[in-house]
């Protein structure tokens, strides 16, 4: 059974966890899985390094023999766990694989060169450590053994040409006396060995006495010298100290221990044990001397710095957002530099000085200001004593005395001193930002100074500013400091506000604003700095707040938020409105309309109250909203709250709040500070601050790193932080102040003068560099789901993880951040946005793309379901809000009730269909619309048992129904039909079968409506390691046409199966991490089965081998077709890996170029000097080799004619002669024939050789379609105008003054006349001549005028061409770039600009670049859309002559094989059906005309049989049925003839007819339109012919009808929709 061409080695990139980090010449080196990347410590961009002589395993290398610059390289199939880069030879290892690499560092240019001339070595057991000493490699393995190899014996036995895959034999094997499994080992320079065992012990043994043995068969058993006991878990890492007298170990017991050697006793003992990590500790390392630090990393996602001497924990490093930080590396040349690597696929560079200062959990013990607040004045400190009331008068003295005796005398209570309670503390704005203002609840104002020069003066805090009018009868309830002046506003419990200038002592300016009636206690105060005039907002009870002018005290406006909450956060957006958050988690927007705010509402409490224009309810659940920031350019509001979430809300064009993205932060339980800034590159940085227990944390969400950590004691204590950022947001500087009303002093401090006096503490934040992130950040835990989709010509990926995060990324070429994966570049994942986090893990996701929108759906634990709409070129992402509880977060749902599967499909327009399956066997179906209307159509689809649903898929058949497939844990698959014709979209089970003996983990379904069959293909993968395929007829889902099962398709459970768009390949991947491709092939009877492509392995390093993906714990996969024969596959699990698979189906670049030129109606040739290279003409680079004063660049300057006339004339005479006497190569004539074949052709060239003038396609007698933008060296002209500039001015300088004076005397009147080459004097005036070439620094109007005319003519042709191509779908443009270099890229840029303009106008355009050296993309490419770059064909490594001849030959073959005839039929079809813009259903699935006819005929026959039975009965009774039957038959024949005639016109169209705007219409609509256009006369003629045909050829009619039923109409070819 024949199969198609096997897939070629694919291009891959990996976002696997960072499993190893190292330093190479102080360059951080990060290993993601088996990939290596180098960085500069101060830059997040990877370094490009030179590589050559790489094997096919190096997927990024397109030409293994040529030095290539790359930013990443794959070294191992397995994940790299360790390396030795500074040794000779350099080594990397992972699991059982060991590889020798060649690496070199050029100190002068800081260039890294890396090559892999040897294949990896596979050893018998896992490798833990490597040591290279004296040309020997000591390999420590997991079986507590050391294998010794000779580095000199490895080549050439392990070269790529070697057929042997056996590892070399070790010189000697050293076995420890205890044969056990180890989890860590280390070797020092003395060959002392450390073994961390599973028995919780560290073994110390030595190979010093035996390492000299060279016998290849020798092995020795070595006894232990020492055993270190103390750990209570497996030892994960051991390390030797600098002097080999200290040992570090870390363990499963969460501890790190330091062991020291005693020379006197020859014993090791534990010096200290450090506790701090909350989970297992993975790595530990000494810092190089003189640093006294130790660094550890663990499973709790942190790295920690310890004091080596005492074991004290100095700082905690957070910022990865990962489940684990696997490895740490410290620069041996700079102990301050540390790199960490974790599950989130990145490395992070830290400064130890920075982290010990800013990430110290005990930093509260080191303050720059410590002071007590003085006691309050006596008038307030001691309240007046109350006198005893006089005894009541009485008439009965006896009664009074008796009463007096019975009554106990009360003791007079001593008055308690009034306690000073600080309500708030603030830093004043610059330049007073060292001043701290604290306000007590009794109205006292305290002023403290945080001096920067003399710390001793910081304690002098005796200044008390008592407000002139203290609110003695009320308490202070709120305060606010003006953002730009030393002014403080104080709100009181009676509603009044006092505003004071605190720049001097005592205050000299004060404004008292009385309270507004019925607006009671001021709950909060906020200044709105951007408002005009600058205003103050006071918040009150009942959801009310006032906007006040602080200068006049006038109340400007009153607002009401319409909830029971309290307005707690405000943001003023000039010209837009006010954003407000409340204490119930709601966000409000009050729109500004010509000075008005919101909707006016009359309230008895105040004249005019404004209500919100839009409300986003429960945005922060029910927690306080604490801060809001609005960005005008993106119209988005960022808000934070006590729910520890950062919400991004879009303000729509109609000024409605639309929630977009929610990001939960793990470092805090409540957020209080929000700062949004831009760096010098205009990148937005979001800084949020909040509390985790008693610790305040300032965090940069953009760079994902902690900026500050400070122990405040309690989040309820009054505090304030003041900081500024550097221009690049890399450094922070400022101060933080905290008030402790309980006056808890630090240890060893002086006692407080009064226990009732509060205590102020402040600390300066000194500037320090922030951490640097190396690589692209990804999920920090196992990724459960991923879905690829196409948007705006690019590939995108949505994914969800166990860490509850959702990420949206774009797949691009590794060389560009915007272009899609090209054939010769590896794909790369680039994070676009973090979407809203889930409360529980995300388990499933789906994507579906419509005409203008894409729907992203994610589902997870506790029945959480989130939907996002993607739209626009940005694109913009917005969360859909609806009113159905079925898809909202249900906090009452049981923790084990989760959604396991989700699928979605586009129904046309803005409608989508979504299906979800949960852990209790329930399937729910939704209809989703762009506007946010979500309808639950089926809450519990019946059919399958109650076993958990594991997978779902949807496929649309036509406008009437959709097929849903669902698999569960019992291995059962159900096939459901969703009826779209009913308003309820009823879903019913049509077929149920069991393709797997265990769980059905994945299903992929596709529909193929061809002429010979209407197949529904269902492919599944299960826990039984089998791959199953079933073929159904879409109108008969009860019985499959064929089934086939491939047992043992994987060596483990299959987790994902993916059908490619062409329905010809199936990709399958399981826990074994092997991605396989299976081809769908046609067999007898029209059914299909599997043919394993070359053993099933897409990726093969050697013949018959298998390449494992770097992603472990595989969970899901997704496939997207880039073009025919080229697929993009994403596999996720413990990381993400992108694989670009190119098979024999993909057209090679030469073929693509030939196909495009064959179809082109317009051709633009842009040519540079490289075009003439094959003819022997020099290029710009050739002419400038060697430097000197006589090269092309120096002689291409008019000043040379003035200063060195003889040399100038000789040079240009030689150049002109060379150009004239050189024969054009054969590629010119091939190009000439191509251009003539196209018809509309133009040449735009920078060449001055004139060779394009020899081609009549561009320079015939009638018209010159040639624009020589630099002129022609074979023409000479008068140089009299060379010293002039535009507008008649003269060039400055003595040289040019003399030239112009001489030129003025000749007064040449025919300066535009051209002379032959070598004419040294003007024939008209006798003045000097010059070549008709535009030179550097040239201002000669005589030369410019001719070039300007050619440019204007070219621009006119370009405009007409663009209008023609963009205005008709029948026309297309090819831009053919030939030999355009990058030194002077004028023509190179012109071709790109034309391509961009045509593409943006909706026209078809293909760009073909032919360049031996520079065939790749330029920086200018980044301005182009991704969809445009997909149409770029790069032909590098070969000259223009070879390419042009090869392409012409292929065009000729295509024409001979009928390719041209096909295209002609397509164009003729377009002309005949001018109004029909393609054949496709409105729901995105395309069928063919004969299929529609077949369906109609089947329906008519079915109706005809029923009618025939009735008529037969009538005929038996009265004999009146015959005529009616004949009329029906005649009508049926008419329809058949119409269909046959329609098929004759359409049958040979293979590629399909695409509409102008990319939309397709349904075949049935086209047929109906065609039938309506036929006139009545034609209809009568057909009816007469049909009757005649029926009378004469009854048997032939029956045969035709049978053929139509069995073959679907026959005769026509299958339409193929070419993606992208």
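All positions are counted from 1 along the displayed chain.
Glycine residues also receive a Cβ, built from the backbone N, Cα and C atoms like all the rest.
The repeat 'WD' annotation in TrEMBL covers 228-259 (among others). DSSP labels the residues of the repeat 'WD' (228-259) in these numbers: 0 helix, 19 strand, 13 coil.
Residues or ranges marked as repeat 'WD' by TrEMBL: 274-316 (among others). Helix first, then strand, then coil: DSSP counts for the repeat 'WD' (274-316) stand at 0 helix, 23 strand, 20 coil.
Residues or ranges marked as region 'Disordered' by TrEMBL: 376-425 (among others).
Residues or ranges marked as compositional bias 'Basic residues' in TrEMBL: 405-417.
Annotation comment: TrEMBL describes 1143-1461 as domain 'Deacetylase sirtuin-type'.
All protein chains shown were included, and the count of other CB atoms within 10 Å of the CB of residue 1270 (active site, proton acceptor) stands at 20. According to TrEMBL, the feature active site, proton acceptor maps to 1270.
Here TrEMBL flags 1278, 1287, 1322, 1325 as Zn(2+) binding site.
If you look up TrEMBL, you'll see 1490-1560 (among others) marked as region 'Disordered'.
Among the features that TrEMBL reports, compositional bias 'Basic and acidic residues' is placed at 1494-1506 (among others).
Here TrEMBL flags 1551-1560 (among others) as compositional bias 'Basic and acidic residues'.
The coiled coil annotation in TrEMBL covers 1567-1606.
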Tertiary contacts of the repeat 'WD' (274-316) (same chain, 6+ residues out, Cβ under 8 Å): 233, 236-237, 239, 241-242, 246, 248-252, 254-258, 322-332, 335-336, 338, 340, 342, 350, 352, 355-356, 358-361, 709, 780
Least Cβ-crowded entry, counting other Cβ within 10 Å, from the binding-site residues listed as 1322, 1325: 1325
Whole-number mean of pLDDT values that fall within the repeat 'WD' (228-259): 94
For residue 1270 (active site, proton acceptor), the one of 1278, 1322, 1325 that lies nearest, given that the binding-site residues are compared by Cα: 1278
